[in-house]
Amino acid sequence: MNGHSDEESVRNSSGESRSDDDSGSASGSGSGSSSGSSSDGSSSQSGSSDSESGSESGSQSESESDTSREKKQVQAKPPKADGSEFWKSSPSILAVQRSAVLKKQQQQQKAASSDSGSEEDSSSSEDSADDSSSETKKKKHKDEDWQMSGSGSVSGTGSDSESEEDGDKSSCEESESDYEPKNKVKSRKPPSRIKPKSGKKSTGQKKRQLDSSEEEEDDDEDYDKRGSRRQATVNVSYKEAEETKTDSDDLLEVCGEDVPQTEEDEFETIEKFMDSRIGRKGATGASTTIYAVEVDGDPNAGFEKSKELGEIQYLIKWKGWSHIHNTWETEETLKQQNVKGMKKLDNYKKKDQETKRWLKNASPEDVEYYNCQQELTDDLHKQYQIVERIIAHSNQKSAAGYPDYYCKWQGLPYSECSWEDGALIAKKFQARIDEYFSRNQSKTTPFKDCKVLKQRPRFVALKKQPSYIGGHESLELRDYQLNGLNWLAHSWCKGNSCILADEMGLGKTIQTISFLNYLFHEHQLYGPFLLVVPLSTLTSWQREIQTWAPQMNAVVYLGDITSRNMIRTHEWMHPQTKRLKFNILLTTYEILLKDKSFLGGLNWAFIGVDEAHRLKNDDSLLYKTLIDFKSNHRLLITGTPLQNSLKELWSLLHFIMPEKFSSWEDFEEEHGKGREYGYASLHKELEPFLLRRVKKDVEKSLPAKVEQILRMEMSALQKQYYKWILTRNYKALSKGSKGSTSGFLNIMMELKKCCNHCYLIKPPDDNEFYNKQEALQHLIRSSGKLILLDKLLIRLRERGNRVLIFSQMVRMLDILAEYLKYRQFPFQRLDGSIKGELRKQALDHFNAEGSEDFCFLLSTRAGGLGINLASADTVVIFDSDWNPQNDLQAQARAHRIGQKKQVNIYRLVTKGSVEEDILERAKKKMVLDHLVIQRMDTTGKTVLHTGSTPSSSTPFNKEELSAILKFGAEELFKEPEGEEQEPQEMDIDEILKRAETRENEPGPLTVGDELLSQFKVANFSNMDEDDIELEPERNSRNWEEIIPESQRRRIEEEERQKELEEIYMLPRMRNCAKQISFNGSEGRRSRSRRYSGSDSDSITERKRPKKRGRPRTIPRENIKGFSDAEIRRFIKSYKKFGGPLERLDAVARDAELVDKSETDLRRLGELVHNGCIKALKDNSSGQERAGGRLGKVKGPTFRISGVQVNAKLVISHEEELAPLHKSIPSDPEERKRYVIPCHTKAAHFDIDWGKEDDSNLLVGIYEYGYGSWEMIKMDPDLSLTQKILPDDPDKKPQAKQLQTRADYLIKLLNKDLARKEAQRLAGAGNSKRRKTRNKKNKMKASKIKEEIKSDSSPQPSEKSDEDDDEEDNKVNEIKSENKEKSKKIPLLDTPVHITATSEPVPISEESEELDQKTFSVCKERMRPVKAALKQLDRPEKGLSEREQLEHTRQCLIKIGDHITECLKEYTNPEQIKQWRKNLWIFVSKFTEFDARKLHKLYKHAIKKRQESQQHNDQNISSNVNTHVIRNPDVERLKETTNHDDSSRDSYSSDRHLSQYHDHHKDRHQGDAYKKSDSRKRPYSAFSNGKDHRDWDHYKQDSRYYSDSKHRKLDDHRSRDHRSNLEGNLKDSRGHSDHRSHSDHRIHSDHRSTSEYSHHKSSRDYRYHSDWQMDHRASGSGPRSPLDQRSPYGSRSPLGHRSPFEHSSDHKSTPEHTWSSRKT
């Protein structure tokens, strides 16, 4: 192939002289490595490359080599580059480019996967040589350096040669490789797919070509394999200069792409700058890839800046290539290679300079911290170069005997997989290759007929650990873990699903994996096993499976849609046998919910749920989803047995054994009285299902745990803030039990923040401190706890302890991190924002042998469950949780198996504050309220509480909250303002001595003791008594006594002042004031405002002036249990569904709120819906326009918690999607059979798309929401996986096309519903209907108003304007359809008019369709006013009705004037008449109205223009007709202007009428009137100036009032008259503004009240809501682009639709409706 010769030429030119062993070895080492680094087999290569290549590739290669040599000379001259040198210097080439070949290979491979490749082999064999060369090239470059190192002459290039071979032979053959989906990410830099055929090369290109021609071809193949991920590489075409012959593959390659772009396509693209350095000159390019360095050594090794001159080099990750192909480059080499993405270099430099500047001025601690972060990042990047799994291979082997492998990289998602050269991977990761092939050939894959699934075997206990458990390292289970395994096995044999509830740290993960291993080996049950785990523990599960059960194939099902699709493609099932490949599937809750239909389709042999307390709420979506999965056995794994109630325990039992524990009521009745009588019966019932061991029973070797409560005073600043918070909230506090719970909770949160640190209340300004020392001192002095912690940490550091510090508040962790940096204590941090891989690294770094890390900061609740930090021996709980269970778990992270030292736990509590009281109460309350499963035989004794408490609630009621808030307040207020004492200086040893201390004893003494132990309280019964005595005393005092009056007064005065300022300040000043008062640093300001969702009048809240405008419509307490982020997600998902309140499960799934109960979700949903309705009602006075600019309509908004909701938008989305909700069956089985009831027009996608696909798309939108295209693609039941969102971004349908299509289909459904409704209401027969038509229509119109309204609402997405091409396509569609129509319509006795619904309606002899030729002529003539045509039906968003009318009028005048101009070239009246008609028909395609109507409207507009210009009434008096309307508006009179009889005759003669009736009776019987009502009614219907409902719209809108008998009078007037009129029009242009005032008035006068009442929803901002006149049938249909886009809904500006119109619309194919109008 061309590729070959190119390659050869490259080789020769580079001095390799290998003639062209295209097949691979030569090329492999050739382009880069052999020439430059000759590491591979360089000795033989460089000299004998010719011979090598000759021998390998044979005659083919020789002939090619000749050509290539000639080419070489030509190419090599201009750049005069030595190939090897250049190779080194241009890393981007480094990744061999195999573009053409790759492509071919891919195509072939694709085929191969289906055909097993045999045909392709033959077909591609010709090209294979060539391809292989290309492949080789690629490999050569990269791998060569590395791999081939001694491979010898023929294959000497090792990777290259293989790759070449790959490329060559396999290029053709490889192309068949089964597994390479076209669009996977490739690992090497993919060359561009298309090679230009032009033959011209620029110097740069040539240069590059020299080195990489071989590679490139190679790349091409790769490219295919890899997908188009990296389309840019070298700008050289490797085929062009070669022979002129082209094979079919080449043609294929080019035809899909734009040939002109090819050149750019061939350049490599920079994806990312990873690092920079000063390096040795020339130490760049391919020789710096990781594999080249391993083979040849690092060209930069031993470089010292001081001794030699260096240059700045950048480590570059190339787009489309994996990280092993990263190279070091200089700016110069990048420019030489003409790479794309150079803008990134500037950005990187800028950032780098900023960092350097910062480092210069930063303190040593900061620098150290920065360096640690860098180190972590570098470690992460190193992992990206390790192959974690191989998931596919190519069919063809390269010369070196290796296929290419599709690799998944460690730490990167599946979407980053890439194709790599086989030899390269084999050299480094042979173990992964072996694993891959053993997985592929494994016989131990799941099969349905496993007999133990149907009948469980007898249980045989395992006396000792079986050899298959423990993996290659022969790890041993502890005795209690073996017991646990036996218990799990016993439960399985008995058919009992169960709960493993061992305390944290006892190895539940290992026991579960051993159990699966037991099923696998003992009972040949190979799966599929589903493990659902939290993201935070996913990596540790993966690691443990690898360690303990390496024989089982575990796949991690995670990542974005691309990653998950790739897993389905490569890791899911064997394509031939259709048997599943994996044994274990690991996934997270979120992914499970996203892909529930896919994952739920499998029959699982086992489902295990880790951290199963997520399932304690049987009303949550996660619970409901998972319980529906088909499974043979279920296991719940939880370290925190049930926290709050018996109901939660029942939920878990019901989940595992729904038949046995079917009813909560029965369960409660049986065991609810347990508290009085003990729980013996419950224990007995639980025994088979629940296993709970605690550490102290099973792990005697575990060292003791000692906990101390350290109480400290507040600092002076804290006291001040604490009092301040209470004083400012005096009003709320004094309400006592009448106050709101959420109000108290918010105040309490503020006080808790204050107890932790003052910065949480008011962060300091950025420039507040002069130096680090001062900042550190201020930081410490702002919190009593931190003063103590500082002393404690210094002492612990001296002793060599390692510390875990827990806080609930992430912002507190920020402050602690800042403190640790000032103190230069090395630390790690983990909170919710730290993602999987970084999190894992931080843990590994902390636990590593000899780790320097002293502290680990953790948030109490962040995904830390199951995290092992046993290398720490001290735990500091900075602030206690409401729920002591969470603190227990926090402690367990250090006090767990593997711990060798005593664990000290320090709990910090602020004396005399809410914190202390919460702790006291929690001790007592939690013992009673929390279900603690103690040891009872295996299960432990239980303290159970029957009530079901809502998950989000706090454990305290209002009275208790009020009492807690009073605790300590009185003492505080005794210190005068400004004289608060600093806490006394105390020695840390003294503090520790005084602390309340308790060690854990071997076994609990009293019931609930384990829970109590954390509080160090010996006996809780005394506590209860104290409690009773204390309560009255504390509660008796009220807030007036506690807060001094002087302070209350001062606060009230301040508030009054603020209110006055608010009143007198201008809005702009007010805003400035707000900003100023919101002090300092931007970042902190936002933080300080964000009060954990609190709406209380807390300090900063009060400092801010009150917001103007309406008060918040919804009090905050209504949304307990939802954070602002969750509410935002909920609203976003809410807008995706029709009837969202009936689809809460789908909304919650989409919003990832599956843990919430349906009750909570319903409450929030109703809050959103009702809030929107109310806001729209309140705002019915009109739209608020943002910033006064047109186009931006900011509808009424309201707030839910901190989230602003656009009411209009939400309601409009709800209404737009309502037809879909009504049409799609809710029953899943019926839904599978759903077919769209309307005829649809062709989609014009790049794939076959039919009615079935439309139906599936609608079902997908129903199930997953509008816009969730990727979810729809993933659902196998919808069969759209291969059809939508193709990987090639240039292929349709992508998201934009799907949106357009969906909008169109939903409109069809809407019309269909309206039609059915109209039919339902139609009832009586024709004759009756005809007589009473007007009355009936009126009634129907009002009845159906609601139905139809949704028609006019904006579609969920606003489309961008369609471009000219689309317009042309539409025009063509119309033409072809018109042709079809003319064929289909039977001849009628009477003249007919073809309506948009393709129903014949008789009119006169004239037809309103244009033949193709006329249409084209009209199109050309009207091109100058194309813009006006497009805008005719599409007013800008946000215009008022008056402005919309004006807009349409102006467009009509422009269009009409242009038509008048066009007609001037004719003299023959007949011609003029004919062309006027043709042009207006053309115009009618752009709007709802037909040609006559438009012409008439135009004439009225002209008259108005004349009238406003001339201000004289002469015409009026002469033209008034008998039915003059007595309306003060002069314009109204105008509209009945000179109509002579001829005009009446031509449009609405009696003859026409009778024909119409006859025709109608004969042909259409019952449907007749509907037809006539449709969009183009017979014109007789207008003879009285009224529409089919007997409504006279022109009465309402003077502009268009006219006697419709006198239609088209212009056609019959003399030419003089016309020219006169035109003259007037021209004169009057520009004076049209006079109209607007009166129009508006008239408009509103005649507006019915019902219309106003609906003003709030966006669909009601209609265009001309009063003209109900003459709407064409497709009005509400997906008429035209204009229609879809108008925010005012699908109705044209010119009218509502009647139910009849709807009904007729859909009588026949909507396809015609749509396309006949759309041009």
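Cβ atoms here come from the backbone N, Cα and C positions, even for glycine.
Straight from Swiss-Prot, the features:
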- Asp502, Glu503, Met504, Gly505, Leu506, Gly507, Lys508, Thr509: ATP binding site (BINDING)
- 1-10: compositional bias 'Basic and acidic residues' (COMPBIAS)
- 34-62: compositional bias 'Low complexity' (COMPBIAS)
- 103-116: compositional bias 'Low complexity' (COMPBIAS)
- 117-133: compositional bias 'Acidic residues' (COMPBIAS)
- 149-160: compositional bias 'Low complexity' (COMPBIAS)
- 184-207: compositional bias 'Basic residues' (COMPBIAS)
- 239-248: compositional bias 'Basic and acidic residues' (COMPBIAS)
- 1327-1342: compositional bias 'Basic residues' (COMPBIAS)
- 1369-1380: compositional bias 'Basic and acidic residues' (COMPBIAS)
- 1526-1576: compositional bias 'Basic and acidic residues' (COMPBIAS)
- 1585-1673: compositional bias 'Basic and acidic residues' (COMPBIAS)
- 1698-1710: compositional bias 'Basic and acidic residues' (COMPBIAS)
- 268-360: domain 'Chromo 1' (DOMAIN)
- 385-448: domain 'Chromo 2' (DOMAIN)
- 489-659: domain 'Helicase ATP-binding' (DOMAIN)
- 788-939: domain 'Helicase C-terminal' (DOMAIN)
- 1-249: region 'Disordered' (REGION)
- 1076-1116: region 'Disordered' (REGION)
- 1319-1393: region 'Disordered' (REGION)
- 1410-1512: region 'CHD1 helical C-terminal domain (CHCT)' (REGION)
- 1503-1719: region 'Disordered' (REGION)
- 610-613: motif 'DEAH box' (MOTIF)
Residues in the region 'CHD1 helical C-terminal domain (CHCT)' (1410-1512) grouped by DSSP into helix, strand and remaining coil
79 helix, 0 strand, 24 coil
Can you see whether DSSP assigns Gly505 (ATP binding site) to helix, strand or coil?
coil
Per-residue pLDDT averaged over the domain 'Chromo 1' (268-360), given as an integer:
87
By DSSP assignment, list the helix, strand and coil residue numbers for the motif 'DEAH box' (610-613), in that order.
2 helix, 1 strand, 1 coil
Go ahead and report the DSSP secondary structure tallies for the domain 'Chromo 2' (385-448): helix first, then strand, then coil.
23 helix, 15 strand, 26 coil
Counting each residue once, how many in the domain 'Chromo 1' (268-360) are helix, strand and coil under DSSP?
37 helix, 27 strand, 29 coil
Tell me, how many other CB atoms lie within 10 A of the CB of Met504 (ATP binding site), whichever protein chain they belong to?
24
